[in-house]
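Taken from TrEMBL, the feature transmembrane segment covers A:25-48, A:60-79, A:91-111, A:131-162, A:174-197, A:217-236, A:264-285, A:305-322, A:334-353.
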Amino acid sequence: MPTTTTPTPAPTTAAAPARRRDPRAAVWVPAALVVLVASVVGSVMVGAADLGAADVGRTLVTHLGLGGLLGVEPLPALQDATIWELRMPRVLTAAAVGAGLAVCGVVMQALTRNPLADPYLLGLSSGASFGAVLVLGAGVALLLPLAAFVGALAALAAALLLARAMGVMTPTRIVLAGLAVSQLAAAATSFVVFWSAQGDAYRDILSWLMGSVARSTWTSVAIAGVAVLVVGGLLASTGSVLDAFTFGDTAAAGLGLDVQRTRWVLLVGVALLTGALVSVSGAIGFVGLTLPHAVRMLTGARHRLLLPLAGLFGASFLVWADTIARTVFAPRELPVGIVTAAIGAPVFAVLLWRGKAV
Amino acid sequence: MRDRTTDGTSRVAAPGSTPGLEVARVRWSVAGRLIVDDVDCTAPPGAFTGLLGPNGSGKSSLLRLVAGITVPDAGTAAFAGTDLASVRRRERARRVAFVEQEAAAETPLRVLDAVLLGRIPHRSLLAGDTDADRHLAREALARVGMAEFADRSLATLSGGERQRVHVARALAQEPSLLLLDEPTNHLDVAAQLATMTLARKLAADGVTVLAALHDLNLAAAACDHVVMLDAGRVVAAGSVKEVLVPAVIEQVYGVRCDVLEHPATGRPVLAFS
């Protein structure tokens, strides 16, 4: 007889803990994580210089200081720099930005109960763009992330103050206030571009306005990564709170939520995260709008699974979108925002057409 | 009129029993307009109380004030002897459930998921549904006669079925006090009667039910106790036979009516002329 030292599984589910995980989560979340890791490694391999997964692994091991320990020789300097200084920061920034935008999109759509809501709803992207073109036009590109972040927060503050001034902060008022601030900031941006931009500055500005991760550095990874892990992680844990808003503010209040305070806190969280993302990548469109709808078709409307899955798939999506942006017309590059719009808009149209998304 | 109010209510609550809902001097105004004007009323425990009155008489506002969704300018709403304003929001949501008029979701939602929302006040906001939650949600669906609809999409249901799902969501909160805002609105007559039967059944199970109602005859047929509001004030309160009399109806609605007796139930039937 075989000696079974391994504990046999509990005979019935009666002994299982009451707080059992959603069985779908046990499948989808690991699957989405695997897809993301594969996407990151795969995307680093793709490009003008021919690199394999082994090369990516060697570079990682080397830079993590494990080369001696594992007996791995570093790659030649050029290949190593291609992976470590060019592609890794770019791919990781894309992943962080994609994850953050998708999570913010879910939160905004739930909070405003508006299927057209996205992270830029409160004028964040327009405000960031205005901040960015001010410094780009002035030729001080170093200050760009800071200027964009400040611009985003200023737009948020203006939108929220305007929404407050209209009375109680209802979803409709938030949307309207965001629209007003957006339009004003967009007009100011156009004015600056029209007035001052010439030659290369013009292309820089346009590339930034469309959204691009081409200039990502490890600093970009740090900014976007920390923002996503901290703020994005917190937002992704608000599934039950967002669920409570399913039938609107009154229902949420009836379920024991402080509706105004909750909305305020979540909007500020979305603004901080989106501001940080926009500061490194510009305003990449359609990730925050389309990804939530697409993932919702997998998970249903409940948010506990939707939030993390949207984040993970958003990350993979933007990694591949950026891979397309830098390879399709190589050596010329597109701003990744063009690719996300080219994919996102038709997908959104299909979701609408199938009548399931909204 | 105020005297009659107190008389009517004190007669219904049995002496010595735990008090039900007691609304005392609740006053609420919005944009300078007084909507709820010094309202005193009660809903006896384990009974079905109808909140009646014309459009704009403050029925919905009063329900929202009792539910704690809006905060009164003055006055208190107490249930089972506890001032509901002194209870934390989540705790209150475990005692009081509110079904508003025509709550709609913007995203496609499964019926069981809609009902599971009612479990939110009972668990940490970080926790997901447990098997116990799912069991309670299915039980709530069964209580409203919708057990077999659990896996349907909410959007495919009729108005009456959706209304029942919302009641099931409220029941999943395991409330002692259930507030219904015009639960029969836009329903056909069968669905209206079914909703009233359900409210009576819940009251018989020990839930105190307070429902804003439009249709006086429905209220006459189903309610144990009624409160008549007009322009934010309580005009009359008491049993159906005490309140639904020609004088009150004419004063509040400005219409004449005769009160007949239902041949089968003996309850009042209003015939308007």
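The first residue you see is number 1, and the count goes up from there.
Each Cβ is built from the backbone N, Cα and C atoms, and glycine gets one as well.
TrEMBL labels come from automatic prediction, so no person has curated them.
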Contact check, the transmembrane segment (A:264-285) vs the transmembrane segment (A:91-111), 3+ Cβ pairs under 8 Å, seq sep 6+: yes
Same-chain residues at least 6 beyond the ends of the transmembrane segment (A:217-236) whose Cβ lies under 8 Å from its Cβ atoms: 88-89, 92-93, 96-97, 99-100, 103-104, 107, 145, 266, 269-270, 272-273, 276-277, 279-281, 307-308, 311
Spatial neighbours of the transmembrane segment (A:131-162) far in sequence, C-beta under 8 Å, 6+ residues away: 122-125, 169, 174, 177-178, 180-182, 185, 189, 192-193, 196-197, 201, 204-205, 208-209, 220, 223, 264, 267-268, 271-272, 274-276, 278-280, 282
Positions on the same chain near the transmembrane segment (A:25-48), where near means CB under 8 A and six or more residues out: 55-56, 82-83, 87-88, 91-92, 94-95, 298-299, 304-305, 308-309, 312-313, 315-316, 319-320, 322-323, 326-327, 330-331
